[in-house]
């Protein structure tokens, strides 16, 4: 018994011995019947060729387009000869399709005219699938990722032909994924060498500052002492919080100040009075 590999080799040997692969086509998907009623001849024809090139589109964007040139090519044509009996049907790939990777009988490769540019792939006749960064019927237009919002640059986006890149402010560089701008790593700072006598001076300044802090804490306790006293006396006066007691105390002080002014006024009046002696 032959294996599948041996059968495939034998099949290609038969094709090579026959000198042609036209007879291996059979009516199937993307394979069409070509009626022949005469012999074949070689003829010339004018063939269109599309040459891609880069140009500038609106908005100063780079676009890939094509120019059309014409050249002389050769092809096999079939002519009907008078008096000859029509030959049996022949088969070939339908218009818009060609053989897949040179294999006979398999018409699975689509044909796009003009061809797809910028590494685009022809998925069906006249239809291209464009790679990332390109768009258009033949993948000839550059996608501006910075304007469409597809770019994920944290600070500044720079569009390029078929792609983009992120730019950070001076002193920063983009992260590996391009999402963040990180500070550039510089040389490690060198610790300054200690100067003789500086340690004792700093220690003395620390002691002075600590003494000043202690004095301020004592003054703060003196200022807060009356408030603590008011807070402890608030339940005695039926007040709910120290703030209410403080307001009540201020009212009492206002009354005392008013009485003091009245006493001072009476003292002035008494000083201006004089008693008359009886004669």
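Glycine residues also receive a Cβ, built from the backbone N, Cα and C atoms like all the rest.
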Item to check | Stretch carrying coiled coil according to Swiss-Prot (options 175-199, 200-224) | outcome: 200-224
Checklist entry - So which range, 225-249, 250-274, gets flagged coiled coil in Swiss-Prot? => result 250-274
Next on the checklist: Test of understanding: give the count of other CB atoms lying within 10 angstroms of the CB of residue 157 (disulfide bond).
Outcome noted: 19
Checklist outcome for this item: Near residue 157 (disulfide bond) (Cα-Cα within 10 Å), the disulfide-bonded residues in question, chosen from 112, 168, 181, are 168
Next on the checklist: Which one is it, among the disulfide-bonded residues 32, 107, 153, 168, that lies nearest to residue 63 (disulfide bond) by Cα separation?
Outcome noted: 153
Checklist entry - For the domain 'EGF-like 1' (108-140), DSSP counts of helix, strand and coil? => result 0 helix, 11 strand, 22 coil
